[in-house]
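Novice: Following this message is one structure expressed as structure tokens.
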Amino acid sequence: TSFALSKPFTESLITWFKPSYIVTHCNFFSLQHNAKVAVLGASGGIGQPLSLLLKNSPLVSELSLYDIAHTPGVAADLSHIETRATVTGYVGADQLGDALKGCEVVVIPAGVPRKPGMTRDDLFNTNATIVATLADACARHCPQAMICIISNPVNSTIPITSEVMKKHGVYNPNRVFGVTTLDIVRANTFVAELKGLDPARVNVPVVGGHAGKTIIPLISRCTPKVEFPADQLSALTGRIQEAGTEVVKAKAGAGSATLSMAYAGARFTFSLLDAMNGKEGVVECAFVRSEETECKYYSTPLLLGKNGIEKNLGLGKLSVFEEKLVAEAMDELKGSIKKGEDFVANMK
Ligand SMILES: NC(=O)c1ccc[n+]([C@@H]2O[C@H](COP(=O)([O-])OP(=O)(O)OC[C@H]3O[C@@H](n4cnc5c(N)ncnc54)[C@H](O)[C@@H]3O)[C@@H](O)[C@H]2O)c1
């Protein structure tokens, strides 16, 4: 029997089955790309599985793992995996500069996660300083790198990163991303569950920010097209907005989403690397500097290219329900952005 492999399936084969073998023996796939990627916060709940997924990708040739603890062990462990990416662990502030030298992409999941009853903004006091310190090091040691921030509250940590880069005169708004991919991943999964679809084939753009009601899924723009009665649409939207809290509650004090976040962080990083390698038509949503709404930073679908954001595809056409969600999120989003900017303005 013969059958045609679907594209996602062939891609997953390439990702999961001995990429080094495929790279060596199937030149027509042209997968041999070189990219040095750093993970800052690599020993954490997200950092470890994210580093594993990156180590497993033929798109990565060097993996630089930084944390304030445990990275030598994580790096030694990952370095035994039979893929070509070389892995180096760096531990403590003294080694941060070396970890970043020559990096094209830096992914940052460093910082504390939520416990039950906490909002993402409750993490601000701890994580603002951590992200500012790491952004400062990026500005000094790899100012051209793509910086992907996972650390919460994303609605404030992106303005913080941008302001720190500005202070060093190296800010490029096309290269600083707040990773909101997990919201898209969750929206795709929940829509697929309700409609009996294959989640790999569902795509729901999610715009706005990355906290509670600032997370705005555009179900009206889902592909394939789906319809829900008003009450179900409202419940689905609420579930996507509070999906992070669902995990925080289920983990009962042991942290927030780590495995699904590692998957989402890897998906975003691979999209970025694909686009940097010249693949055309790569689109991901991310929280970035934006002129698309009255908010200075906003997540919308972005066409990615060799230099980061190639084109902001904007909000596009919204339903009346979605327009209301966008309007209702503005004040909170503006407040979180200002809080991040003020933090850097007041830094010594
Ligand atoms: N963007 C999203 O969708 C999303 C989803 C889930 C979690 N998060 C956020 O990701 C962050 C990490 O979550 P986690 O579950 O991995 O937490 P974790 O506590 O398991 O891991 C965090 C890691 O950061 C390290 N760290 C702390 N300070 C550091 C510093 N100054 N430099 C380098 N590393 C440092 C810690 O040692 C630890 O290994 C949290 O802020 C969480 O809220 C974001």
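Cβ atoms are placed via backbone N, Cα and C, with glycine included.
The active site, proton acceptor annotation in TrEMBL covers HIS210. Marked as NAD(+) binding site by TrEMBL: GLY41, ALA42, SER43, GLY44, GLY45, ILE46, GLY47, ASP67, ASN127, ILE150, SER151, ASN152, MET261. The substrate binding site feature in TrEMBL is assigned to ARG114, ARG120, ASN152, ARG186. Positions annotated as domain 'Lactate/malate dehydrogenase N-terminal' by TrEMBL: 36-178. If you look up TrEMBL, you'll see 180-344 marked as domain 'Lactate/malate dehydrogenase C-terminal'.
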Novice: Less than 6 Å between Cβ and the nearest atom of ligand 1 is the rule; apply it to the binding-site residues GLY41, ARG186, MET261.
Specialist: GLY41, MET261
Novice: List every residue in the same chain as GLY47 (NAD(+) binding site), at least 6 positions away in sequence, whose Cβ is under 8 Å from its Cβ.
Specialist: VAL39, GLY41, LEU65, ASP67, VAL74, PRO109, ALA110
Novice: Which ones are near ASN127 (NAD(+) binding site): of the recorded positions ASN152, ARG186, HIS210, which have a Cα within 10 Å?
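Specialist: Near ASN127 (NAD(+) binding site) by Cα: ASN152.
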Novice: How do the residues of the domain 'Lactate/malate dehydrogenase N-terminal' (36-178) split into helix, strand and coil according to DSSP?
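Specialist: Looking at the domain 'Lactate/malate dehydrogenase N-terminal' (36-178) with DSSP, the answer is 65 helix, 28 strand, 50 coil.
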Novice: Looking at Cβ-Cβ distances, which residues of the chain lie under 8 angstroms from ARG120 (substrate binding site) while being 6 or more apart from it?
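Specialist: Spatial neighbours, sequence-distant, of ARG120 (substrate binding site): ARG114, ASN152, PRO153, VAL154, ASN155, HIS210, ALA211, GLY212, GLY244.
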Novice: Pick out which of the recorded positions ARG114, ARG186, HIS210 has the most other Cβ atoms within 10 Å of its own Cβ.
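Specialist: Counting Cβ neighbours within 10 Å, the top one is HIS210.
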Novice: How long is the line from the C-alpha of SER43 (NAD(+) binding site) to the C-alpha of ARG186 (substrate binding site), rounded to the nearest angstrom?
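Specialist: A Cα-Cα distance of 24 Å.
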Novice: Note down the number of other Cβ atoms within 10 Å of the Cβ of GLY45 (NAD(+) binding site), including every protein chain shown.
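Specialist: Summing over all protein chains shown, GLY45 (NAD(+) binding site) has 19 other Cβ atoms within 10 Å.
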Novice: Where SER151 (NAD(+) binding site) and ARG186 (substrate binding site) are concerned, what is their Cα separation in Å, rounded?
Specialist: 18
